[in-house]
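The following features are taken from TrEMBL:
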ACT_SITE  Asp183  active site, proton acceptor
BINDING   Lys70, Lys89, Glu138, Tyr139, Ala140, Glu187, Asn188, Asp201  ATP binding site
COMPBIAS  1-13  compositional bias 'Basic and acidic residues'
COMPBIAS  27-44  compositional bias 'Polar residues'
CROSSLNK  Lys185  SUMO2 cross-link
DOMAIN    60-310  domain 'Protein kinase'
REGION    1-50  region 'Disordered'
Amino acid sequence: MSHDHRSALRGVDENVGGGAPRGVNGKMTTPSSSSMRAEATTTTPGGGDREVKEWKLEDFDIGKPLGKGKFGSVYLAREKKSKYIVALKVLHKTQLCASHVEHQLRREIEIQSHLRHPNILRLYGYFYDNTRVFLILEYAARGELYKELQRSKRFSEQRSATYIASLARALIYCHKKHVIHRDIKPENLLVGIKGELKIADFGWSVHAPNSRRQTLCGTLDYLPPEMVEGRDHDYAVDVWSLGVLAYEFLVGTPPFEAEGHSETYKRILRVDLHFPPHISENGKDLIRSLLVKEPSQRLPLSRLLEHPWIRENASPNGIPLAE
């Protein structure tokens, strides 16, 4: 391997908008496969939306692994021509087919590739070969939010409010595009180089022009009553999830956590909320306004942004103050 390849991702900060995260340097490999071509119209990372590119694996220098999931892994990568840093998600077709999630992946690609918002992770494009699917994603340099939450145990009201306001703006944007996310939770959120939050996983999301759906999906602790009961649901499911998320940010655990699934379901249906003493009255009020059993009675996201707890605590630029 040449010296050029060994140092291929040095200075990663140059194209992600800030200082280099620790540990991104190291040995580089460039896997070879002449057959890999893009099958979709995709945008050029770092370029304008009108630029079209057929991608192949040789277009990227591949760096360290960023994470591993059920269906594959994510790697730090650099597009050779532009030097733009991205995250390359490598999914194995056999595992996707075995779990019957091919349709879910197609939906994720179709939805996420059309979304443009500072708090939504960009999907620049994809390509595939006989055994793998490659997603070219925006690189969120500070990684997974749930790991931050695990380290911190819980977040301050200032940090929590900043994150909730950012997510509310992103969801308002999604809902205007007729997209319901349906799986907002810490594991699906990433942190960008400046500390901004980004929604990263649209695997359960749905483009819903008709507004009402019946599929049971998402994560148990975050399921709203209407989905637990198998009733029709609409955009209000994301409002409920934001309430659960606000609680988990402030407390460190989801509000309806219980020993078993059955008890969790019961607590969700009763909206069985208990607050520890350190939560402010305004914080409690916001969470109670979001976690309402009747979907139509939940606080609209536009009004959430005007809530006293948000106004008093959230950073206007969407970046939490250092703690």
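Using the three backbone atoms N, Cα and C, a Cβ is placed for every residue, glycine included.
Keep in mind it's a predicted model, so treat the numbers as computed, not measured.
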Around the Cβ of Tyr139 (ATP binding site), the count of other Cβ atoms that are within 10 Å: 26
Long-range Cβ environment of Asp201 (ATP binding site), under 8 Å and at least 6 residues apart: Glu108, Asp183, Glu187, Asn188
C-beta crowding around Glu187 (ATP binding site), within 10 angstroms: 13
Other C-beta atoms that fall within 10 angstroms of the C-beta of Asp183 (active site, proton acceptor): 21
Rounded to the nearest Å - Cα separation of Lys185 (SUMO2 cross-link) and Ala140 (ATP binding site): 17
Secondary structure of Glu187 (ATP binding site) (DSSP, helix/strand/coil): helix
C-beta crowding around Ala140 (ATP binding site), within 10 angstroms: 22
DSSP three-state assignment for Lys89 (ATP binding site): strand
